[in-house]
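K.L.:
Sharing the record's features from Swiss-Prot:
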- Gly96, Ser97, Val98, Ala99, Val100, Gly101, Lys102, Ser103: ATP binding site (BINDING)
Amino acid sequence: MDLRAEQQQYNPYRIFSRSEWAKLRDDMPMTLAADEIAALRSMHDRLDLTEVEEIYLPLSRLLSIYVASMQRLFVAQRRFLGIQDRKVPYIIGVAGSVAVGKSTTARVLQALLARWSPGPKVDLITTDGFLFPNAVLERHGLMQKKGFPESYKLPMLLAFLSDIKAGRAPVRAPVYSHLTYDIVPKSWIEVSQPDILIVEGVNVLQTGRLPRDGRAVPVVSDFFDFSVYLDAEEPVLRDWYVKRFLALRDTAFHDPRSYFHRYALLSDDEATATAIAIWERTNRANLEDNILPTRPRATLILKKGADHVVEQVALRRL
């Protein structure tokens, strides 16, 4: 969908072409070297100096304005209430389909924001660690719905974010292995009072059903101060997923510890057919039923073309 087409009706977003958005960088300095940018790029994603300059530096500048505004509001509220409250981290959510490039975007933002003056502490977690272990998913018949909302330990994720917002430290998050495709037992990431926390995951903008009794039911995005949705057309996403699957077949799948080790010796045709089947059965269904409907809840939408380059940017009006 062309985001500009929606401007024929009332639209809560301001839509920018790539060139229009790039001009909003103003004097935001480039703080990453070419080799650092290359290290931030995920497999089969595209990230270069131009993409950082034209897309991510304007976003970094925008976020610096939002964060500073939130800090001023926090100080004013504390003065109004007459209390000395703990520092409240600014939380940024990064959402979007499998294979769209969420991890790359999250890492780039972490690198850029950490180099603001005077050097804020910027942490990054993914919601993968809050998935149920494979044994639990298998027991409940949910392995084919891994990544769907029901496959996550939602109360645990909500408790984690609540503790972060409350300024508690340290707060622990479980570790997920993409090699074994499972939670790593007795392994944790510790987050200790960051200035900014980036939370990346497919369903972080998901809403819950409204309760009939009127009681508040928190959702993950309730804890976000800003959110980014990575967008691309479904056929493009499928193509990226298939290409990534083929690349992993030639690399990570050859590790005997890999959950997908059984696919390591597939031919190109067999691997392509397998990847398409997985996409249609799981990832496309999750995209259409759970992920795409949350796009209108994002603060900012980055729309990518088939070459992985951001073509349009939509910023929610205040």
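Any Cβ shown, glycine's included, is placed from N, Cα and C.
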K.L.:
Only counting partners 6 or more residues apart, tell me which same-chain residues put their Cβ under 8 Å from the Cβ of Val98 (ATP binding site).
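P.N.:
Same-chain residues close to Val98 (ATP binding site) (Cβ under 8 Å, separated by 6 or more) are Gly147, Val202, Leu237, Tyr241, Asn283, Asn286, Leu287.
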K.L.:
Who sits close to Ser103 (ATP binding site): which same-chain residues at least 6 apart have their Cβ under 8 Å from its Cβ?
P.N.:
Ser42, Thr126, Glu200
K.L.:
Provide the number of Cβ atoms within 10 Å of the Cβ of Ala99 (ATP binding site), excluding the reference atom itself.
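P.N.:
Taking every protein chain into account, the count is 25.
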K.L.:
For a quick check of packing: other C-beta atoms within 10 Å of the C-beta of Val100 (ATP binding site), how many?
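P.N.:
Other Cβ atoms within 10 Å of Val100 (ATP binding site): 25.
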K.L.:
Give the number of CB atoms, excluding that of Gly96 (ATP binding site) itself, located within 10 Å of its CB.
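P.N.:
Taking all protein chains shown, Gly96 (ATP binding site) has 29 Cβ neighbours within 10 Å.
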K.L.:
In which DSSP state, out of helix, strand and coil, do we find Lys102 (ATP binding site)?
P.N.:
helix
K.L.:
Other than its own, how many Cβ atoms are within 10 Å of the Cβ belonging to Ser97 (ATP binding site)?
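P.N.:
The answer is 26 other Cβ atoms.
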